[in-house]
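As annotated by Swiss-Prot, GTP binding site applies to 18-25, 86-90, 140-143, with the evidence given as sequence analysis. Marked as domain 'tr-type G' by Swiss-Prot: 9-278.
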Amino acid sequence: MSYPLEEVNKRRTFAIISHPDAGKTTITEKVLLYGNAIQTAGSVKGKGSAAHAKSDWMEMEKQRGISITTSVMQFPYNNCLVNLLDTPGHEDFSEDTYRTLTAVDSCLMVIDSAKGVEERTIKLMEVTRLRDTPIITFMNKLDRDIRDPMELLDEVENVLKIRCAPITWPIGCGKLFKGVYHLAKNETYLYQSGQGSTIQAVRVVKGLNNPELDVAVGDDLAQQLRDELELVQGASNEFEQDAFIKGELTPVFFGTALGNFGVDHFLDGLTQWAPKPQSRQADTRTVESAEEKFSGFVFKIQANMDPKHRDRVAFMRVVSGKYEKGMKLKHVRIGKDVVISDALTFMAGDRAHAEEAYAGDIIGLHNHGTIQIGDTFTQGETLKFTGIPNFAPELFRRIRLKDPLKQKQLLKGLVQLSEEGAVQVFRPLLNNDLIVGAVGVLQFDVVVLRLKTEYNVEAIYENVNVATARWVECADGKKFEEFKRKNEQNLALDGGDNLTYIAPTMVNLNLAQERYPDVVFYKTREH
């Protein structure tokens, strides 16, 4: 069988990054709608309503109306197969989000046009920089009053340090929003609000100086558009494929996801310009997506995707080759061969058994505790994919039991949740405390909820005097022993038994780093 490269070349795997409430979940819905993957897009507003958005599905997400876990959706568009990885947009779910960004080939950045660049977007962009991921930008919420579009582009360029190439340009906004002009095609698409799952047929006016344009949008807005475009074409960047692929330039689209307008414009851009599945660095060599032999890595583990089955699913990005049902793969970390007969493909929460999957696809493996984040699977070769990071937590709590007899279940639950990346656990060397570290407050709630529902353990938190944590290593054994002896009260083991320095204050950490220049304090570590 020759390896069908056309299957790989059809794949586009991307994630959406945004600040909470910029409209990411709505965009996810509408993308699926345009990809015919769902018939009714559940707009995400009514938190108490029965129609929950398709990609939000764990219990707590249903209650809070936020996407906590990363789901994966696949849909066809423009002769491509698009894999969309939905990343948690809420303040608190960053570590999972960060890791998901290691499994995609491009990102869609969604910006609320009334607000501009916000703090979470800045953080997520920093993570995409680790791999120079190509970025497409969608300026959302044009059906509301927005900031000046030129100002928005300037802000993206100055704050996020990426050049902007506008592809479409808005005509009016809020109640006066009339549509967008496509710079490359010299066409105006007139806005008619489509709600829910109604996609309106779009009226197109050809040419910027077409008198029909003045009739359609009014003389004032037509003239304003021509004036603005003169400025834009003088001041902004042309789209360059090369610079886009290197992550130096972003094509910018304007629209309103809620009004079903503009979503197809950026999807056209994504399928036309975004890279097909890319090669990936492993510890021994670079693995190309065109290789025939299968390889893939686990970037996320999620518990209880199926309330009916108490199970965990490991999400694996296929890097090369083809997955076929029943194939034998080597689980490199433990050196064992496993037969994978029941991998899953996803349409957020609806599971289907995968018969086959190609480079760029995401498949789910049933996990009974043997798979960890960062694990590599191959068809026999011993290699490990790199670049799946653990991030030092920023928030810490001591966790203890209401019923002290369940200490064993608590530890088991915490270690499993830490392998899954839901939280990090630290066990100080000098006492029996259990310290939980997270990148956001909401993770603490999730852990208590899941300990209760999955492990039947009732736990409560107490404040703990920890400001930050760093993984520590030292090449000089003698100096490391001295460091460990003198700092025992600040040392702990994490869920994977890695030595960690737990600092009560940032000042304490800085002093320790000055005092022990041979010890390396890591803010991130490879899984």
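Cβ coordinates are placed from backbone N, Cα and C, and glycine is handled just like the others.
On the structure: features taken from Swiss-Prot.
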residue: Ser18; record: GTP binding site; DSSP (3 states): strand
residue: Lys24; record: GTP binding site; DSSP (3 states): helix
residue: Thr87; record: GTP binding site; DSSP (3 states): coil
residue: Leu142; record: GTP binding site; DSSP (3 states): coil
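On the 0 to 100 pLDDT scale, the domain 'tr-type G' (9-278) averages 84 in this prediction. Here the Cβ of Lys24 (GTP binding site) has 29 other Cβ atoms within 10 Å, regardless of which shown protein chain they belong to. The Cβ of Thr87 (GTP binding site) has 26 other Cβ atoms within 10 Å, all protein chains considered.
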